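Participant: Pasting a structure below so you can have a look.
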Amino acid sequence: MSPVLLSWTSAQVRAAEEPLLASGVPLMERASFALAGVAARELRALRGRVAGSRVAVLVGAGNNGGDALFAGALLAGRGVRVDAVLAAERVHESGLAALVRAGGRTVLLGAEPGGVGAVADVVGDADLVVDGLLGIGARGGGVRGAAGELVTLLGERRAGGGGPFVVAVDLPSGVGVDDGTRAGPVLDADVTVTFGGAKPALLLPPAAAAAGRVEVVDLGLPLDAQPAVVRLEPADVAGLWPVPPPDAHKYTRGVLGVVAGTRAYPGAAVLVTTAAVLAGVGMVRYLGDVADLVVARRPEVVTGTGRVQAWTLGPGVSPEDAAQRRRVEHAFDGIVHRGEPAVVDAGALDLLPAHVGPHVVLTPHAGELARLLGERGGRDDRVPREAVEAEPLRWARRAHELTGATVLLKGAVTVVVGPHGVAYAQAEAPPWLATAGAGDVLAGLLGAMLAARDADVHDDPTLPAALAAGAALVHGHAADRANPGGPVAARAVAQALPATVAALLAGRS
Ligand SMILES: NC(=O)C1=CN([C@@H]2O[C@H](COP(=O)(O)OP(=O)(O)OC[C@H]3O[C@@H](n4cnc5c(N)ncnc54)[C@H](OP(=O)(O)O)[C@@H]3O)[C@@H](O)[C@H]2O)[C@@H](O)CC1
Ligand SMILES: Nc1ncnc2c1ncn2[C@@H]1O[C@H](COP(=O)(O)OP(=O)(O)O)[C@@H](O)[C@H]1O
Ligand SMILES: [K+]
């Protein structure tokens, strides 16, 4: 089993399976054997034993149900009492035969006296549920029909703290496999055993939260296509971070220009510049109305115009403020004509030119992205914040299409979209990070990375997306380091950056 880093769409997985199935490789046998192993391990952890425990197997019409039935048969062979709930009239034939041979019992959902409620009681009382209702054949929109009712009832039990431990087969049933949506009944899992490689729903919000711990079973699939969605892991930071060579000087390490803060919102200027300085940029050049305050808090910062390698624009900036607007527009001049990379956040999002390149990274939260789409897109792009939250990958992609920029969409899971279909989903941030000013810290941190790597960004249009995902990872780790398991202030996140980066570079995180 390997960690979840790369995910492939259902079509990519099917294409990879095809040649193996054609040559008779027993993929389902491998999948169900691994699945039964995970279920047995969990039973041992829950009950202290495997034999004598009770497992309910939920069986849909497809091969996902087949995996579950074969795994159920293996468990029954080890002395587990197995009840299989058949959610369709026709289920995987040889899987069903194997289960019955091994002594497993079956109920047909809908035919049971007492209806779905009675079946939910049986399933709810099991030690462990194997969810084989839907896998990569799911059409989205949640689990339909009587199985959907069963899933809803089990969800209510789980919400009340009483539900059984759930092991999802390949995916939690009901999620949108490729888009990570959650648009109907979904059976939340404690563990998801996924086959061949992860699927986008296991990394993307909101579906990813339904997966619990994800374990990838290597089936030997030739998954050599570009992954659909990637999650960077701590070890990837060393390859992205601008570590200064021995002969570095401050200009080779990059100068970041910052347009942030106003008299009304001075804190944003302090947080952005603090984060950039502590992320180790060569120099920060601050342009704005609160230079006195910024320099008092961060004496390293210089003020006034001059050459920069990259920009962070927008935190605490109001587009109605004429002076700030002029400074942002002047910066966009260099961004468009000289290709200077930039982070465009908050107030500067309203001032973005019609079309930019991927060297510009937009960092909206869902509300800001909804506004941007409404202003720049057609009628179908006028969606509320909730629609962005329900389908973050889709709408971040749309914003990339409309603007040409790399898009980092902030949230509990941060989604990044760049050119050539690259997409990342980073989930390191503790919920404590949802606090005012945290976004300003991210904008300063990412600006520092872009300033140091401006030449590389010029050569590789997909690099800003990787750097943005790396910044989200570092940001999340810094929040955790600032106060593990407890509240954090944005400034404390910035202050944790030096030690966080050192730990990540040393492989200690
Ligand atoms: N290929 C292999 O050898 C291997 C495959 N493997 C396993 O196979 C799984 C894929 O199997 P699969 O392709 O049979 O699809 P699967 O997800 O079981 O369900 C399709 C059925 O569900 C139905 N359905 C769809 N949406 C629905 C909804 N919302 N609510 C209710 N029903 C819905 C749909 O009906 P339809 O909508 O078409 O009328 C159809 O009948 C994969 O995830 C992995 O576990 C592994 O063993 C490795 C080897
Ligand atoms: N529930 C959550 N769990 C973890 N991180 C979160 C959550 N909600 C928001 N965040 C993170 O907190 C930061 C908030 O940024 P933002 O909304 O721009 O705030 P501000 O504008 O006040 O700085 C982002 O990095 C975002 O990804
Ligand atoms: K499933």
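Backbone N, Cα and C atoms are what each Cβ position is placed from, and that goes for glycine too.
Nobody curates TrEMBL annotations by hand; they come from automatic prediction.
Remember, it's a predicted structure, so these values are computed and weren't measured experimentally.
The (6S)-NADPHX binding site annotation in TrEMBL covers N63, N64, G65, G66, D67, D170, A268, G316, H365, D440. As annotated by TrEMBL, K(+) binding site applies to N64, D131, S173. Positions annotated as AMP binding site by TrEMBL: K410, G411, A412, V413, T414, G439. Annotated domain 'YjeF N-terminal' per TrEMBL: 13-227, in sequence order. Feature annotation from TrEMBL assigns domain 'YjeF C-terminal' to 233-504.
Tell me about the setting of these features in this model.
Facilitator: Under the DSSP three-state reduction, H365 ((6S)-NADPHX binding site) is assigned to coil, being neither helix nor strand. Contacts of H365 ((6S)-NADPHX binding site) defined by a Cβ separation under 8 A and a same-chain sequence distance of 6+ are given as L409, K410, G411, G439, in order along the sequence.
In the three-state DSSP scheme, S173 (K(+) binding site) is classed as coil.
A C-beta separation below 8 Å, combined with a sequence spacing of at least six in one chain, links V413 (AMP binding site) to L203, L204, P205, A208, P392, A425, Q426, A427.
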Participant: Taking the binding-site residues G65, V413, G439, which residues show a Cβ-atom distance to ligand 3 below 6 Å?
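Facilitator: Cβ < 6 Å from ligand 3: none of the binding-site residues.
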Participant: Just how spread out is the AMP site if you go by the largest Cα to Cα distance in Å among K410, G411, A412, V413, T414, G439?
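Facilitator: Those residues reach a largest Cα separation of 14 Å.
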Participant: For a Cβ distance below 6 Å to any atom of ligand 2, name the binding-site residues from G65, S173, A412, T414 that qualify, or say none.
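Facilitator: Cβ < 6 Å from ligand 2, in sequence order: A412, T414.
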Participant: If I restrict to non-local contacts, at least six residues apart, and a C-beta distance under 8 angstroms, what lies near A268 ((6S)-NADPHX binding site) in its own chain?
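Facilitator: Result: A260, G261, P315, G316, V317, A346, G437, D440.
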Participant: Distance check, please: Cα of T414 (AMP binding site) against Cα of G65 ((6S)-NADPHX binding site), rounded to an integer number of angstrom.
Facilitator: 32
Participant: Which binding-site residues from the set N63, S173, A268, G439 come near ligand 1, judged by a Cβ under 6 Å from any of its atoms?
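Facilitator: Result: N63.
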